Structure formats: structure tokens, C-alpha cells
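According to Swiss-Prot, the protein has these features:
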type	residues	note
ACT_SITE	CYS126	active site, proton donor
BINDING	LYS22, ASN23	phosphoenolpyruvate binding site
BINDING	ARG102, ARG131, PRO132, VAL133, ASP134, LEU135, ASP316, ILE338	UDP-N-acetyl-alpha-D-glucosamine binding site
MOD_RES	CYS126	2-(S-cysteinyl)pyruvic acid O-phosphothioketal
Amino acid sequence: MDRIRIIGGNKLHGTIPISGAKNAALPLMIAALLSDETLILDNVPRLADVALLQRILGNHGVDIMAAGKRPGDHEYQGQTLHISAKNIIDTTAPYELVSKMRASFWVIAPLLARMHEAKVSLPGGCAIGTRPVDLLIMALEKLGVELSIDAGYVVAKAPGGLKGATIEFPKVTVSGTHVALMAATLAKGTTIISNAACEPEITDVADCLNKMGARITGAGTPRILIEGVDKLHGARHTVLPDRIETGTYAMAVAMTGGEVQLSGARPELLQSALDVLTQAGATITINNDGIKVARNGAGISPVTVTTAPFPGFPTDLQAQLMALMTRAKGASHITETIFENRFMHVQELARFGAKISLDGETATIDGVTKLRGAPVMATDLRASVSLVIAALAAEGETMVNRIYHLDRGFERLEEKLSACGATIERISG
């Protein structure tokens, strides 16, 4: 099993190109099931989760071709995928594939919308909280789907097709919004999604669906209106830049010191995180190529943050911020409101010498003057990269184990950091 070895203490200087957003690429790939024409997606990141979803879609009969780089593409330019779901041969998504990634459960929506039936295994993925699919099931039932659970599978049928409805989520749910949005595009009549998630990735998917002929308004607001259409056609769409990757590298620079240009980043996608970084002592400069992050001389200031749905501080940057705050001059407080059990990285950060205490959903981080390298183990995707951030500033050597979590969500992480002066290498086997 691969590991990452890091010798801490180097400041970061240079340019890091930001990849396409995983959290947009996955639902965009799934949305290709809605049409029998080809969907072309540009700037798709090369990630383990993307490769897994290609296998899952292939199981349904989807043909996916990865195109080569075009003239002028950057070295890290995301891949272009040509996705054709002309012939869906199977409406079952098996346990052995779906159990590896929760987002793959979302195939239930386009399969129902287009084929009027689906049998999908209950999902897997990062072990963060329970993440029940109840809200997704509720949304589908509102659209006229008959559902049952049999031997770990959700068996769903809509013999007469989906019918437009008003769906009001009791709490904001990104997964539920994605599922309702995709399903409603081919439903008969009008669908209103109330208390919808406002994340940029939702808007990106809606933009792509509209290019395919959907009639969606209000994406990016709590109220989305979908006028169902009979058919969607092919389209070409570029995946938006990854705001979580952007925030992660910004926090790495704030941790080590130095100055890095985050090329292709879009500041409006993570303004809350940039505001927190400014409070922590980083200098943020917006320019034509993205975002420049620097911390020169000044120490790290403590912050108090509560995670919240967009446009609030993203839960997917909580672990990275906690790593940064281990070196702050004073006590920081981070409250996690999105997922339960999302403090699994605390005990691993403690191995560096971090001082962190937990009280319910709030973590108090008492900054220390130095961290020391240690062998650590990744527990989930975002926690794993928080260990990398800590290691970059720690004295001595750190070995990060179980890095398959990193490969799920960060494209060429060690290459990007190494190019900016970090001493970091992947050790195979």
C-alpha cells in the first residue's frame, strides 16, 4: 500500500494549478445517463473516485472515452471525457461498486428518469456519520417513485414515468438536491425544490443540464424550479475549479509560510474560507490568474469557525483548518454542524504534538510552538490531507499511511506540493 513521506520545514513558493472539482465532476458524469446523446466534459480531474465511477457507468452500458490534451493545455489540465449513454443495458448498480463511493448512489435518479426503474445498492464511501439516504428517497417518492429496500438494495419503479412535484427538504442536503434535480429534468410537469443546497457544484450541474436542454431556474438559491422536458440532448461543459482543493493549498501556504499562486481558482467559490484565512494572518490577493496566497513573517492567529452549508465555511475544509490552527498563537474553536463524527483526524494530529480537546461538536485547538513529524494514518479523504498540512510544518519526517483516501480527491498532490518546494514523495508498496 502506498505511503507519502514528508520532511517538514520548507516554505512553499510557486504556482499550483487548481484541478476540476470532484464534487461537480461526479454528478456531471452521472447526469450523462439522462441522454442518449454524447456529453463531453472538459477539466475532469484524474482521481480514483472518477475512475471508479467510470467503472460503475460502464456497468450500465455507458461508453466513456478519455481524449488527449489539446494544444495549449496546461501540464495539469484535466482530462476530457466523451460519455455516451446511448444504450443502457442494465439498471442495477451492484454493491461491490456502489459500496466504495456514496455519490454513486445518485445513478438512481437518471435511471428512474429515463428507464423508469432502478435497483441500486445502499451507498458506501467515507465513514463520516450515518449520511442516511432517507432524504433522497423522500424526494423520489414525491416524484411518484415506488420504492422498497430488499437485501441492501433500493428497488425503485416509476411505471408511468416521473411526475413533477414540490419537494421541501427538512434540512439542506447536497445529495438530495442533486438527486431531485436530475430526476425532475425528465419528469412530467413542474418541480419545485425548496430548501435546496446552494453549493456551486449544484449550479454547475444545473448549467450543464440546461445546455442539454433542461429547463432549470434558481440553481444556487434555496428554491429551484424545473420544468420537465421530454428529452435531453448532448452538450459540452467544463467542470468548475475545485474550491476544496483551492482552500486546502491556501491553508498549506498559511501553515508553512511563503507565497503561492493558485492558478485557475475562483475566489467567489470559497469567500468564507478566504475570509477565515485572512483572519488567521494570510494575505489573499485576487488576480486575473486566480488567487495568490502568502504568509511572510507574521504568525498564525487563532480563529473561531462554525461549518455551514454554502456560502458558509465548508465542512470539507474543517480538518485542514484544524491542522493550521495547531500552530496558532492562542486557542481556536471549530464547531462542526454538517456531519457527525467528523473529528477522526484529531487523534492523528495529536501524534504531531497538537493539543486539541473535544466537547460535543466543538473542537478547541490550543496552538503549540512546534509540531514534530510522526507516523500517521489517514481516516478519510479530508482528514488525510490535514495530516499532510501538519507534516509540511512539522520538524523531521512524517509518514502518512493509507493514502488511497488522498487519491480519491486530490489530483497529483505530491507533485503539486513538490513543485513549490515541499520535500514530499510517494513510496509505493
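Every residue, even glycine, has its Cβ placed from backbone N, Cα and C.
The structure, with features from Swiss-Prot marked on it.
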{"residue": "LYS22", "record": "phosphoenolpyruvate binding site", "DSSP class": "helix"}
{"residue": "ARG102", "record": "UDP-N-acetyl-alpha-D-glucosamine binding site", "DSSP class": "helix"}
{"residue": "VAL133", "record": "UDP-N-acetyl-alpha-D-glucosamine binding site", "DSSP class": "coil"}
{"residue": "ASP316", "record": "UDP-N-acetyl-alpha-D-glucosamine binding site", "DSSP class": "helix"}
{"residue": "ILE338", "record": "UDP-N-acetyl-alpha-D-glucosamine binding site", "DSSP class": "coil"}
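In this structure, the binding-site residues LYS22, ARG102 were compared by how many other Cβ atoms lie within 10 Å of their Cβ, and the smallest count belongs to ARG102. A separation of roughly 18 Å, to the nearest angstrom, links the Cα atoms of VAL133 (UDP-N-acetyl-alpha-D-glucosamine binding site) and ASN23 (phosphoenolpyruvate binding site). Cβ neighbour count for ASP134 (UDP-N-acetyl-alpha-D-glucosamine binding site): 12 (other Cβ atoms within 10 Å of its Cβ, all protein chains included). Rounded to a whole number, the distance between the Cα atoms of LEU135 (UDP-N-acetyl-alpha-D-glucosamine binding site) and ASN23 (phosphoenolpyruvate binding site) is 19 Å. The Cβ of LEU135 (UDP-N-acetyl-alpha-D-glucosamine binding site) lies under 8 Å from the Cβ of PHE169, PRO170, LYS171, THR173, SER175, GLY176, each on the same chain and at least six residues away in sequence.
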